[in-house]
Structure formats: C-alpha cells, structure tokens
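Lifted from TrEMBL, the feature list:
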type	residues	note
BINDING	Cys371, Cys375, Cys398, His404, His407, Cys410, Cys430, His433	Zn(2+) binding site
COMPBIAS	313-322	compositional bias 'Polar residues'
DOMAIN	366-443	domain 'Recombination activating protein 2 PHD'
REGION	311-331	region 'Disordered'
Amino acid sequence: DVKHNNLKLKPAVFSKDSCYLPPLRYPATCTFKGGLESERQQYIIHGGKTPNNELSDKMYVMSVVCKNNKKVTFRCTEKDLVGDVPEARYGHSIDVVYSRGKSMGVVFGGRSYIPSAQRTTEKWNTVADCLPHVFLVDFEFGCSTSYILPELQDGLSFHVSIARNDTIYILGGHSLANNIRPANLYRIRVDLPLGSPAVNCTVLPGGLSVSSAILTQTNNDEFVIVGGYQLENQKRMVCNIVSFEDNKIEIREMETPDWTPDIKHSKIWFGSNMGNGTVFLGIPGDNKQAASETYYFYMLKCAEDDVNEDQKTFTNSQTSTEDPGDSTPFEDSEEFCFSAEANSFNGDDEFDTYNEDDEEDESVTGYWITCCSTCDVDINTWVPFYSTELNKPAMIYCSHGDGHWVHAQCMDLAERTLIQLSEGSNKYYCNEHVKIARALQTPKQVPPLKRPPL
C-alpha cells in the first residue's frame, strides 16, 4: 500500500491446504473470475524459471481466502492440464477471453530450452523461441488445445498482450531467432460456441517495436504502455496510449513523463502494473556507491488527472543478491509482478495498527509446518538444507490419506533421492506411513524354489 509516498508492506501467508509455490522468474500471470459459485478473483500463474534455473510447465491458481488488519492469507493450488499441454517456458503471456457466457485461457509465446537431445555442457542453458502456437486452456476441466495460425510465423517473447472480451491483441515482442523487435500488432479472436472453439488471427498495421514493456489500464477503453526496450541495451523512454472504440484499436504517443536523471542514465529498469493507471518502476543503484546493491523505486501515475505528474521516490533500500549485470537487460522488466489493484487494501486497514505480537504461530500455518512427531526444524532457520532451494529447507509430499508435506531433512532423504522423487510420478510415504503403505500393496508371487535331484 502506498500512502504519502511511503510504501508499506502487509504480511501474507499461505493456507495449510496450499501447494508449494516456488519463486518463479518471468512467469505469465493474469486474473480470472470464476463461475457463480466462485465470485472471488483468482490469479493464474503459468511457467517461469525455478530457483535451480529449470523451466516450469505447471499452472497455479491463487486466491485470497482471508484478509484482515494483521495479514492476508492466500490459497495456492496446482492445476493439472491434459491434452496439448504447453511446454515449459518463460517470457510468455496468458490472458482470459469471454465469449457466449464461457471463458477460456489463452497462452502464447515465450522461450524454452533447446530439446534435451541437443543440450550439451556448453549449450545446457541455451534457449530458443517456442513455436508460435496458441493454446486454449479450460480452467475448470484443465483441458488444453493447441492451434496453429498461418498469420503467426515466428515465436515471440516479452510481448504486450491486451485482452478485451473475446479478443486478445499482441503488440511488439522479441524474436530470438532473428534478434529483432518487430513492430507487430496481431488480433486473436476466440469464439466459444457449444462445439469446438474457433480461433482466428488478423495482422493489423501500426504496431510497436518494444519488448518487456509494462501495461496499465486507465479506464475501460484505454491502456498505457510504459517502459521496455527498443534495443538490447537501449530503453524505450516513450509511452503510448492504446484506446479502443467500436472494436478498433488506436495507438498514439503520450506526453513523455519527466523522467529523473537516474532513470534516464540507467541501462536496466523493471517493474509492474499496480492498477488504476499506476506503474511501479525500479532501477539498480550506482555501482560506485558503497552499497552497490541498492535499488531505487519510483511510481508513475498514468491516469488522465496525473499524466504530467513527476515520479515520486518511495524507498531506496532494497538489497539484492544478484548483480544487475548478470542478467540480460531486456529480460529484467519482468523481475516482479503486482496483480492487485492499487486500492485492494481498504482505507480501514490501517497498517500502523499492526502488532507483531498478535501474529499467529507460524509453525502451524503457511510453509512452516510440523511435519512429523520428531520434526526438529527451527521455524526461525532460513539456511538452505539442499542446494536446490533458495532459503528454505526442501520439502516433499507424503501421499498417505489426504497427503501432507514433510521436511526432507527430517526424513533423512539424500539430495539425489529427493530429486528422483520430485521428477518421477511415484508416490512417496514418510517414515510414519511407509509401513501402512507397504501393507496396502499386494505381495508379489514368488515361484517355488526348484530343487535339483540328488
């Protein structure tokens, strides 16, 4: 929440029935409002880079189950997909279209690692553009269908996608195969009759050459495109207004904001939409300073009343464990995401009244749980137990009953065993339930031992 140019963070935890959500980089996110029985807004998360630099093909559904003055509680569940499942990727987009009273998710673009047969030690992390297929995903049943459209010839990453009713507009993006940012503008229309969906694509003139831009909505028929890159090491300082009228799209330049000198001279910038025409921007601090890991944050208001308002600095004290020079510049504007509206926290929720002593016991909520009777993991310990985890001990899922999470450290699992169980589809049972699981299995028939005659 932003009050008087001060950024205040509200504590957030996950419910006990939530699945583990790894810290993903460059995933595709969108908001989705379920059916009549589920009026609460949900957040769809797909793909992204995992902490060990692998790519995820999983889809997560996150929703707010409780919000009060103390903290916000989220529920995160993994959605299983069947059919033409999109391959693991990052830098892509996911949107929701609505047609004839039905809804469908649309996944497009992104990058993926080269096929495993072509991956060598030197090319292990080499990525390539995904095929320009359009995937329709039914969030209710988890069915995914792939469509090949002749108008889409090249794969794109870090493009801008705008969803309106049954139509999605794709602007800009970066083609890794050609190393260009073509001025694309595609219109993908999805019709959802009783039978099979109909998907068609139209190439429109007047696109934009930009990648990793941030999109914010100022009113029902108007959006603003902020930031991004026009070349690999050149930021795009011009902002554009995208307006819709009678199903026609118009893109025009808006008055350039009064960028601060720090923003003008920085090679890298990143950020995300905060809703209500507000964009949150961040740049790395000057490496010449003593604290080279300092980041500066700004807020740009793009609403009609505040178009000419200068950016205001919130804070300049976020530390980072990653050197800004280690990342490819045009991939850094997706460093973090805000999916909530700027006014999602009501004015009655005064953060100043939060008392840390009133916090619930974290040992029974969220990630930290008492996994077994002999669990000795300290809830205040933030040192990784395995190299595959960033800052929390590794966990694995016990399949007994309704299932529960256990610490690999408490189960005496070796890292190699943990990786094998995580990659495979075999069920795992913790030490307390492994005997029950063995009793449920049918013993194998052992043929009688043949004794040769004396």
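Note that Cβ sites are derived from N, Cα and C of the backbone, with glycine treated the same way.
Locations of recorded TrEMBL features on the structure.
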residue: Cys371; record: Zn(2+) binding site; Cβ contacts under 8 Å, 6 or more apart: Val377, Met395, His404, Trp405, Val406, His407, Cys410, Cys430
residue: Cys375; record: Zn(2+) binding site; Cβ contacts under 8 Å, 6 or more apart: His407, Cys410
residue: Cys398; record: Zn(2+) binding site; Cβ contacts under 8 Å, 6 or more apart: His404, Trp405, Val406, Tyr428, Tyr429, Cys430, His433
Statement: Cys430 (Zn(2+) binding site), Cβ-centred 10 Å count of other Cβ atoms over all protein chains shown, is 21
- request: Starting from the Cβ centroid of Cys371, Cys375, Cys398, His404, His407, Cys410, Cys430, His433, the recorded Zn(2+) site, name every other residue in that chain with its Cβ within 8 Å, sequence order please.
  value: Cys372, Trp405, Val406, Met411, Asn431, Glu432
Statement: Neighbouring CB atoms within 10 angstroms of the CB of Cys410 (Zn(2+) binding site), all protein chains considered, total 19
Per-residue Cβ crowding (10 Å cut-off), top of binding-site residues His404, His407, His433: His407
